[in-house]
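Participant: So that we are looking at the same thing, I have put the structure below in structure tokens.
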Amino acid sequence: MGCCGCGSEEGSVRQWKPLEQRSCTDVLWLLIFVLFCIGMAIICGFAIASGAAQRLVFGYDSYGNICGHKNTEIKDVTMSGLDHTDKKYVFFFEPCNWDMVHLKILSVALCVTKCPDMDLKTLEDVRNFAKYNGSRLCLYNLDPTQYTSKNSKSCPILPVKSSKPIPFFHRCVPMDSGCKINFKALTTFVSYNSVLQRVITGVMTSKEIIVGLCLMSLVLSILLMVIIRYISKVLVWILAILTIIGSIGGTAVLWWLYADHKKTLKLDPSQGDVAADNVTALLVCAIIATVITVILLLLMLIMRKRVALTIALFHVAGKVFIHIPFLIFQSLWTFLALAFFWIYWIAVLLLLATAGYPQKKDQGYVEFKVSGPLQYTWIYHLVGLIWISEFILACQQMTIAGAVVTYYFTRDKHNLPATPILASMCRLIKYHLGTVAKGSFIITLIKIPQMILVYIHSQLKGKENACAKCMLKACMCCLWCLEKCLLYLNRNAYIATSINGTSFCTSAKDAIVILVENAMRVAAINTVGDFVLFLGKLLIVLVTGFVGIILLNYQRDYTVWVLPLIIICLFAFFVSHCFLSIYEMVVDVLFLCFAVDCKHNDGSPGREYYMDKSLMEFMDESRKAMRSVTGSGAEMKSMASGSDNA
């Protein structure tokens, strides 16, 4: 009996070999995934059918009328059902009065023919604007001649700031930058923490630097991907030395900037809170950088003897990239697919926020609300975000696995398909989408409790006792560890499926058996490969962060350091991880293929190895490396059960 309720697919011992004649795997899960996606489409259709798309794009007034359209009357709502064909823009009486909790403007909204393009300081200015531009800014039941102090409550709050419409969304946005940034609700939200308010301002003023450095990290990641293909002993040491110099140099610069900012603040205390925040942020960053540098130096001391092993590993992986160069761009296609889906998801979320049916409020205005079970569609939509995102990432892993498996088990590399990546992708779509759907759903089941615990933790912050806090964090830690283990298991299950064409559960079981049989060698390879890739990621973060520090240092008068710098470094790490994780996947595929190769072949006529000489030499070196760590008396288990033909 197979795992997860799956029956065993074969009564005999598993014959590991790449099957040309494949069959569809996990069809039931593919059907479930398709039905789930249909549900996502139905939610989108409901939002559009209820008028949410029109209300989102064209906007609507406080009486439920959609701007730029001829509207139907809403029962018991005065001034509804108006013809606003020539009134295409939404104008707010109090555009800066935001409710950040419910994400809406607490203001009367009207449809107008033109946004005020000048400051209107008096009601006479409002009246003249209506007279000469035909755009009435007071309630619909008032004639411009009635724009007097007697009817001031039916007119916008004075002064009316000049505004312009948002492209494609037809809302009048005030040109006053202070109004854009300092929303009343946002000010209320951060009023208890003025530091947060200054940090938000710092991010807004540093947005060009943040975007520029994020693009820089993308270029550095692609460049490092190309360099690793041709890695040698010299390049490994250069990478290590550059990382060490970058860590020490970056730490020294942070301490120097901290001392400089502190001295400047002491000489001129009038610089205010922004300068004090910068000093505090620099101190925190300097301490963190110091700790990271010390840990890095210790790791380099421990790993220095494995440089030769590292070179051999990346020489082997580099050959794969030479024969399948489009592997380098696989992360780019995945990123584009994720970006497209996330844009769609956010658009539907915005549609859901404006979906529903009109309900009359006490003031006589209209609010659109969803009642009954439909009000919980956002939960379904949130699960869709996790599952489909994980599905896309799993498709990348299966595609890479299929291409590398084809490379490994093709004896004559000149007979490889013209485009192994495309061939692997077609094989995935034709046979194994159900397996990918099942694997990604398992990760989704772990992420949902994680999100619930994070939400509970944020809601109980400052209220929970020490015991509850400890238990909550322990649960979050356990789920995090479980997620990492399942991600690793999923990755190897996809590799096994690429080799044998078996279902997810069968592939996972077979992969576990192989990994357990070769646990020591797995540890050696993962330690060596992951460490070098970590150095590469760290180097990109250090270079990007260092340039960010230098640039932000010239904006010390109005920019708080901490959040812009964190955003830059996190994005740099995310981008570098996305690209360099391809190498991790390639190494994992090569290892599992090697283990299967050794288990079923011994080099004799008719049972020749698929591996090339360089891979065999690397595996022998990895065995020696682990033997030196475990001691001369700890002999590694043979790759082939019951034989010693590794």
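Each Cβ is built from the backbone N, Cα and C atoms, and glycine gets one as well.
Features from Swiss-Prot:
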type	residues	note
CARBOHYD	ASN133	N-linked glycosylation site
CARBOHYD	ASN278	N-linked glycosylation site
TOPO_DOM	1-27	topological domain 'Cytoplasmic'
TOPO_DOM	49-207	topological domain 'Extracellular'
TOPO_DOM	229-233	topological domain 'Cytoplasmic'
TOPO_DOM	255-281	topological domain 'Extracellular'
TOPO_DOM	303-308	topological domain 'Cytoplasmic'
TOPO_DOM	353-373	topological domain 'Cytoplasmic'
TOPO_DOM	395-435	topological domain 'Extracellular'
TOPO_DOM	457-530	topological domain 'Cytoplasmic'
TOPO_DOM	552-559	topological domain 'Extracellular'
TOPO_DOM	581-646	topological domain 'Cytoplasmic'
TRANSMEM	28-48	transmembrane segment
TRANSMEM	208-228	transmembrane segment
TRANSMEM	234-254	transmembrane segment
TRANSMEM	282-302	transmembrane segment
TRANSMEM	309-329	transmembrane segment
TRANSMEM	332-352	transmembrane segment
TRANSMEM	374-394	transmembrane segment
TRANSMEM	436-456	transmembrane segment
TRANSMEM	531-551	transmembrane segment
TRANSMEM	560-580	transmembrane segment
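How about a rundown of where these features are and what they're close to?
Facilitator: Non-local contacts of ASN133 (N-linked glycosylation site) by the CB criterion (under 8 A, 6+ apart in sequence, same chain) comprise THR113, LYS114.
Shown for the topological domain 'Cytoplasmic' (353-373): DSSP residue counts in helix, strand and coil, namely 4 helix, 8 strand, 9 coil.
Tertiary proximity for the topological domain 'Extracellular' (395-435) is limited to same-chain residues at least six positions away from its ends with a CB under 8 Å from its CB atoms, namely 17-18, 22-31, 33, 320, 323-324, 326-327, 330-331, 333-334, 490-491, 493-495, 497-499, 501, 503-504, 507, 582, 585-586, 589-590, 593-594, 597, 608, 610-611.
The average per-residue pLDDT of the prediction over the topological domain 'Cytoplasmic' (457-530) is 83, rounded to a whole number.
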Participant: Please tell me whether the transmembrane segment (332-352) and the transmembrane segment (282-302) touch - that is, whether there are at least 3 C-beta pairs under 8 Å between them, with each pair 6 or more apart in sequence.
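Facilitator: Output no: the transmembrane segment (332-352) is apart from the transmembrane segment (282-302).
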Participant: Output the single range from 28-48, 234-254, 436-456, 531-551 maximising the number of Cβ pairs under 8 Å to the transmembrane segment (208-228).
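Facilitator: Checked against 28-48, 234-254, 436-456, 531-551; highest Cβ contact count belongs to 531-551.
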Participant: Per DSSP, what is the helix/strand/coil residue tally across the topological domain 'Extracellular' (395-435)?
Facilitator: 33 helix, 0 strand, 8 coil
Participant: Taking contact to mean three or more C-beta pairs under 8 angstroms, with sequence separation of 6 or more, is the transmembrane segment (282-302) in contact with the transmembrane segment (436-456)?
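Facilitator: Between the transmembrane segment (436-456) and the transmembrane segment (282-302), which are separate recorded stretches, there is no contact, as judged by 3 or more close Cβ pairs.
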Participant: Below 8 Å between Cβ atoms, which of the listed ranges 28-48, 234-254, 436-456 makes the most pairs with the transmembrane segment (531-551)?
Facilitator: 234-254
Participant: Taking 28-48, 234-254, 374-394, 560-580 as candidates, which has the most Cβ pairs under 8 Å with the transmembrane segment (436-456)?
Facilitator: 374-394
